[in-house]
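J.: This is the structure I want to talk about, given as structure tokens.
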Amino acid sequence: MTEYLGTFNGSKLKIAIIVARFNDLVTKRLLDGAFQTLAQNGVSKEDIDIYWVPGAFEIPRVAQKISQKGNVDGIITLGAVVRGETSHYESVCSGVTSGIAQIALEGKVPVMFGVLMTENMEQALNRAGGKAGNKGSECATGLLEMIDIEQTIDRE
């Protein structure tokens, strides 16, 4: 039996982070968590590109374009959809989830899903550095692990 476990070595990796401006009280905290975690794991700040988009619904389009270009090793998507502030909550959540999932499967590089979908702002803030940790940070470690696993598979 062979077991593969990804590492968190980010040196020499180029990372794209796509961040929704809508609900930026939350998304800026997610970005801070992702950025700090990438830096702590060896990713140079010069190798991190941040793309701001209007809202979560626009994230898949930009992720697709970045993935097709192939000039990054991985993509982190960050957004916050809060039910109480969005009258079309289900439609936005469904579209964003489907779009990012499709790019993750069909794109050239790993994509991490860091779009929060919560009932209220308190839940969102708890997941952006509050009681429930920082999902941006979790996406960063997950992305580094996925990049390493995929590179291992490609070498075999």
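Think of each number as a place in line: the chain as shown, counted from 1.
Quick reminder: no glycine exception, Cβ is built from N, Cα and C everywhere.
The active site, proton donor annotation in Swiss-Prot covers HIS88. If you look up Swiss-Prot, you'll see PHE22, ALA56, PHE57, GLU58, ALA80, VAL81, VAL82, PHE113 marked as 5-amino-6-(D-ribitylamino)uracil binding site. Taken from Swiss-Prot, the feature (2S)-2-hydroxy-3-oxobutyl phosphate binding site applies to GLU85, THR86, ARG127.
Are these features on the surface or tucked inside, and what touches them?
T.: Counting only same-chain residues six or more apart in sequence, none has a Cβ lying under 8 angstroms from the Cβ of HIS88 (active site, proton donor).
All protein chains considered, the CB of PHE57 (5-amino-6-(D-ribitylamino)uracil binding site) has 21 other CB atoms within 10 Å. Mapped onto three states, the DSSP output places PHE57 (5-amino-6-(D-ribitylamino)uracil binding site) in helix.
The number of other CB atoms found within 10 A of the CB of ARG127 ((2S)-2-hydroxy-3-oxobutyl phosphate binding site), across every protein chain shown, is 24.
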J.: Could you tell me the C-alpha distance between GLU58 (5-amino-6-(D-ribitylamino)uracil binding site) and ARG127 ((2S)-2-hydroxy-3-oxobutyl phosphate binding site) in angstrom, no decimals?
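T.: ARG127 ((2S)-2-hydroxy-3-oxobutyl phosphate binding site) has its Cα 21 Å from the Cα of GLU58 (5-amino-6-(D-ribitylamino)uracil binding site).
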J.: Select one residue from ALA56, VAL81: among these binding-site residues, choose the one with the most other Cβ atoms within 10 Å of its Cβ.
T.: ALA56
J.: Rounded to the nearest angstrom, how far is the Cα of ARG127 ((2S)-2-hydroxy-3-oxobutyl phosphate binding site) from the Cα of PHE57 (5-amino-6-(D-ribitylamino)uracil binding site)?
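T.: Roughly 20 Å, rounded to the nearest whole number.
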J.: Given the binding-site residues ALA80, VAL82, which one is most crowded in terms of C-beta atoms within 10 angstroms?
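T.: The largest 10 Å Cβ neighbour count belongs to ALA80.
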J.: If you measure VAL81 (5-amino-6-(D-ribitylamino)uracil binding site) to ARG127 ((2S)-2-hydroxy-3-oxobutyl phosphate binding site) at Cα, how many Å is it?
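T.: Spelling it out, the Cα of VAL81 (5-amino-6-(D-ribitylamino)uracil binding site) and the Cα of ARG127 ((2S)-2-hydroxy-3-oxobutyl phosphate binding site) are 12 Å apart.
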J.: Give me the Cα-Cα distance between PHE113 (5-amino-6-(D-ribitylamino)uracil binding site) and ARG127 ((2S)-2-hydroxy-3-oxobutyl phosphate binding site), rounded to a whole Å.
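T.: Each residue's Cα considered, PHE113 (5-amino-6-(D-ribitylamino)uracil binding site) and ARG127 ((2S)-2-hydroxy-3-oxobutyl phosphate binding site) end up 13 Å apart.
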